[in-house]
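First, the structure itself, so that you have it in front of you.
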């Protein structure tokens, strides 16, 4: 994980001091405690079954009693540069760009194809609801991740440790296989598509394009510092926005505003798996929690703001496409591919689409490399903070080889991943882990502020919605009503 390549975690929980004014009659002395995480872990497993809260104490000189106050800590630990031994805290802007870049993948180009039957108005409602759902599940993962770091006393905690701590061995198996399946299938698709673009642009063989793409971005993730990766990812996101703006400008010449009022809500369910897959970013949430030193306020801001950027892009792009092709979509009795329709009607659209697709794939590829390498490092029990090449090789080589052999065999797997893998791994699993983390007496942990409100009702809705969509897709596959 790049966030840990040039920094290491000092296992100390830091509690901010409290300022107060002194009066003329009595003086107050405020004292904050600094608790090493190894001793915190010892306390968490003590005989007391109740969760513990980090507290600051306010002592009055004129009284023998103590008043206890509960405060939210600013961060769990400090990231230190190994060379200078100075604190190197994660940048909030870099975290936002990481979330946005991971979310904005090439899937944005496929959204109009699966939503044109539903129309813009109905599909816009579906996109917003999917965004809310995926934001909630990402925040649940962050909450469980920070709690797990508190208990284990270390950063770099992935879904493996989170699942083991909250739901046991069965949860680890489900999380591991779902996580690996989703990431490898998407990485194969990213390498295959990017190599096609590079081959058409540079005129080199396909295997050279795929290798070049994997080496450059894989090397960036392995050798680059946290700040350098954040800056590079931010530059790519800026490029996405610029190319997207140009794409919308060129494609919106024939926009028919009345066409945007079309709403066929009966056709919405068929588009939900692809929309949900387009909003996947939860794989980088453990990376965010480590980079931002467990600061839940910053993590929440990064997730909400970072996913709002793709939400806006998805809505604008969908409106432009569906508003431009509405008069042609049923001309031959079949729904045409919106992108192909644009390419055939406007020659300037093709190169812009290729640039936008390549930048979108690159940002998603970086996020998935960081997430999967961090996951594999935790699965292999590698020490946190060390730059081992093993997880990066396991992350980069299999997708490269498989994309060169026969990438078409993975396209159906991608649809399967969107329907089942994403909704299980980033839908049901986060809610189940959070339920166990919050309400199970067998999961002792330090009490931290819950960043997802609603209690059991919210968790039940998340599990119910994901389960309903999965069940509906299974029944449809077997031809049952």
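Backbone N, Cα and C define each Cβ position, glycine as well.
Unlike curated records, TrEMBL annotations are generated automatically.
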Looking at 270-289, 390-409, which one does TrEMBL call transmembrane segment?
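So the range that TrEMBL calls transmembrane segment is 270-289.
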Are the transmembrane segment (301-328) and the transmembrane segment (167-192) near each other by the rule of at least 3 C-beta pairs under 8 angstroms (pairs 6 or more apart)?
no
Which stretch, 95-114, 204-223, 417-436, 457-475, tops the Cβ pairs under 8 Å count with the transmembrane segment (301-328)?
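Ranked by Cβ pairs under 8 Å, first place goes to 95-114.
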Hey, would you say the transmembrane segment (204-223) packs against the transmembrane segment (348-372), going by three or more CB pairs under 8 A that are 6+ residues apart?
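Touching, yes - the transmembrane segment (204-223) and the transmembrane segment (348-372) meet the threshold of 3 or more Cβ pairs under 8 Å.
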Between the stretches 230-250, 348-372, 417-436, 457-475, which one has more Cβ pairs under 8 Å with the transmembrane segment (270-289) than any other?
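Out of the listed stretches, 417-436 contacts the transmembrane segment (270-289) most.
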Name the range, of those listed as 95-114, 230-250, 417-436, that has the largest tally of Cβ pairs under 8 Å with the transmembrane segment (348-372).
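Between the candidates 95-114, 230-250, 417-436, the best contact partner of the transmembrane segment (348-372) is 95-114.
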